[in-house]
Amino acid sequence: MSKRYAVVLAAGQGTRMKSKLYKVLHPVCGKPMVEHVVDQISTLNVDKVVTIVGHGAEKVQEHLAGKSEFVKQDEQLGTAHAVLQAKAELAGKDGVTLVVCGDTPLIEASTMEALLKYHHEKRAKATILTTVIEDPTGYGRIIRDDLGIVEKIVEHKDATEKEQRISEINTGTYCFDNKALFEALENVSNDNVQGEYYLPDVIKILKDSDEVVAAYRMESFEESLGVNDRIALAEASKLMQRRINENHMRNGVTLVNPESTYIDIDVKIGQDTVIEPGVMLRGKTVIGDDCVVTSGSEIVNSVIGERVHVRTSSIFESKVGDDVQIGPYAHLRPESDIHDHVKIGNYVETKKAVVGEGTKLPHFIYMGDAEIGKNVNVGCGSIAVNYDGKNKAKTIIGDNVFVGCNSNLIAPVKVGDRAFIAAGSTITKDVPEDALGIARAKQDNKLGYAKHLNHSK
């Protein structure tokens, strides 16, 4: 098999996005557009990927580090000029080169593989990826002769009335013989209204040299959708989300209403898990088998075990074991580690907290910078007081501890195994194993005094 190379065009500023963020870095389902493109290319056994960068070059290189080499296009003088910037990396090499736009996040590896195969079968010097759409306005048209052989690409503004009725368009993705590409690029002129160097002119140069130019027509236009503004970004995200959600459903996940379920591309979900409408699963979240995630839940970069029930809760950068009940309205903040068979009830918040197996935090509890053992019961309104206004400190609770309602544990503090904290206590000192910790004022009943307070009518 001949060598394979790829050039990704990612130097355009993207002024129509009206954004401080560089265009190809706008995310589509949790990943920058250009990273979608490069990740698909990386599955094709490509020997070298060269990304042409311009505006925001450093940020693009950060996202694609280890996945691509980079060449900077200091002046944006057209697509042919952009590809020519890869001359030092690729010119003179035997093989084929894919040219793909970095703002086409829906392009799939299978389509590019089919393009490469077709290019090889036709023994072409260039093969254009084309598609057919109902309204081709604004796109370059593919002009073929009576035998179906590609003659040229005509831009919409230059097309005759007859040519404008052609519905086969240029998607902007190409496969070239590498040597022929760079030889032709040297002859591309900027003799046009915009004064730029255009890649479709390479097709004309090759045709004028009697080289074979082919066109591979793909079925779906959506893969070629270029994102140039926020409307197209929303459309690309919608199409990508549909693709992601359908893939999960094919693999045994129930999405009750896929149209209202947001799932990032790197999320993994086990079989027989049910995701209700209005759920957001972001980042590199992993969810095990037989889970239920109800409406209004958001899970970000977290690992969820099997048979977990998340009810209208938020989980961020945390780990949850098997057979755990969470919510409703619980908030697991980063670095929470919830072990098996734990109950995290309504209005419970954890942060940098380890919660041991079988422990119950039923309702209205805050546990921050805490290490909680096995089979602990923490009563309603209890708080691990971890911040003194300047520094954070840790609370350690042993196994089989009972913490009564409305208890404050003033960190740093340690409660030993099997200890009992009386309700309403403010614990400022360590409580030994098997001890009762009680720290509250003694109750004093003033007999008959209430009638002087005028609190009743």
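Cβ atoms are placed via backbone N, Cα and C, with glycine included.
The 10 Å shell around the Cβ of HIS363 (active site, proton acceptor) contains 18 further Cβ atoms across the protein chains shown. Marked as active site, proton acceptor by Swiss-Prot: HIS363.
Taken from Swiss-Prot, the feature UDP-N-acetyl-alpha-D-glucosamine binding site covers 9-12, LYS23, GLN73, 78-79, GLY140, GLU155, ASN170, ASN228, ARG333, LYS351, TYR366, ASN377. Mapped onto three states, the DSSP output places ASN170 (UDP-N-acetyl-alpha-D-glucosamine binding site) in strand.
Among the features that Swiss-Prot reports, Mg(2+) binding site is placed at ASP103, ASN228, with the record citing sequence analysis. Over all protein chains present, the Cβ of ASN228 (Mg(2+) binding site) has 15 other Cβ atoms lying within 10 Å.
Using a 10 Å Cβ-Cβ cutoff, ALA423 (acetyl-CoA binding site) registers 16 neighbours. What Swiss-Prot records for ASN386, TYR387, ALA423, ARG440 is acetyl-CoA binding site, and it gives sequence analysis as the kind of evidence.
For 1-230, the entry in Swiss-Prot reads region 'Pyrophosphorylase'. The region 'Pyrophosphorylase' (1-230) scores a mean pLDDT of 94 in the predicted structure.
According to Swiss-Prot, the feature region 'Linker' maps to 231-251, an assignment based on sequence analysis.
Positions annotated as region 'N-acetyltransferase' by Swiss-Prot, on the basis of sequence analysis: 252-457.
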Chain residues in Cβ proximity to the region 'Linker' (231-251) (below 8 Å; excluding those fewer than six residues from its ends, i.e. six or more beyond)
17, 26, 28-29, 33, 36, 105-106, 222, 225, 258, 261-265, 267, 269, 271
DSSP, reduced to three states, assigns LEU9 (UDP-N-acetyl-alpha-D-glucosamine binding site) to strand
ASN386 (acetyl-CoA binding site): tally of other CB atoms within 10 A of its CB
22
Let me make sure I understand the structure: which of the binding-site residues listed (TYR366, TYR387) has the fewest other Cβ atoms within 10 A of its Cβ?
TYR387
Among the binding-site residues listed here, ARG333, ARG440, which has the most company in the form of other Cβ atoms within 10 Å of its Cβ?
ARG333
Where does LYS23 (UDP-N-acetyl-alpha-D-glucosamine binding site) sit in the DSSP three-state scheme?
helix
